[in-house]
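For reference, the structure is listed below as structure tokens.
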Amino acid sequence: MAQRRKKKVAVVQCNGGHHAETIVSRDEITGDCKQIMEQYPEGILQCKWGCLGGGSCVNACKFDAIFINDNKVAQVDEEKCVGCGLCAKVCPKEIIKITSDEFNIQPACVNQEVGAETRKECSVGCIACGICVKNCPADAITIEENHAVIHENRCIACGMCAVKCPRGTIVDTNGIFTVRA
């Protein structure tokens, strides 16, 4: 039996979009992410780390592998993504990372605020509650800078963290585990 070849893919570490509180009405926003940041240097969301939804990453991708979903967050089509990293390079929020496609369990939040602040900013933001850490059988998750970090060298992709996360912050990019968001 032939082994599946691992490939690099982009992962967007935000699931906020319409779940995030805005500073500026989305109706007033025009342009790509770079233009949005020029017009609104503090950003358009209360969460300083959230996806702007302006599509700079979409414009940079030569493979039509990233799009802005209905939630106004960049989303990667892993089938089309070649892991070139162009999207990550143009993201002004630096929330797109390149990883192996075998790591389908990913935290979709890099907000560094404490839990109480995050609750005010985004209904799906990581509040650093530690439930994922406590439920990970592989000890692959730590809380760093007030958000979950999955250490891919230890993760067994069981999905327990995604199932137990009370805010739907940890997601399965394959869509197998239920997300509450």
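Heads up, residue numbers simply count up from 1 along the chain you see.
Every residue gets a Cβ built from N, Cα and C, even glycine.
As recorded in TrEMBL, the features of this protein are as follows:
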DOMAIN    72-101  domain '4Fe-4S ferredoxin-type'
DOMAIN    115-146  domain '4Fe-4S ferredoxin-type'
DOMAIN    147-175  domain '4Fe-4S ferredoxin-type'
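Taken as a whole, the domain '4Fe-4S ferredoxin-type' (115-146) shows an average pLDDT of 97 in this prediction. Residues 15-16, 19-21, 45-47, 50, 107-109, 152, 154-156, 158, 160-161, 164-170, 181 of the same chain lie 6+ residues outside the domain '4Fe-4S ferredoxin-type' (115-146) yet bring a C-beta within less than 8 angstroms of a C-beta in it. Secondary structure counts, DSSP: the domain '4Fe-4S ferredoxin-type' (147-175) has 5 helix, 7 strand, 17 coil.
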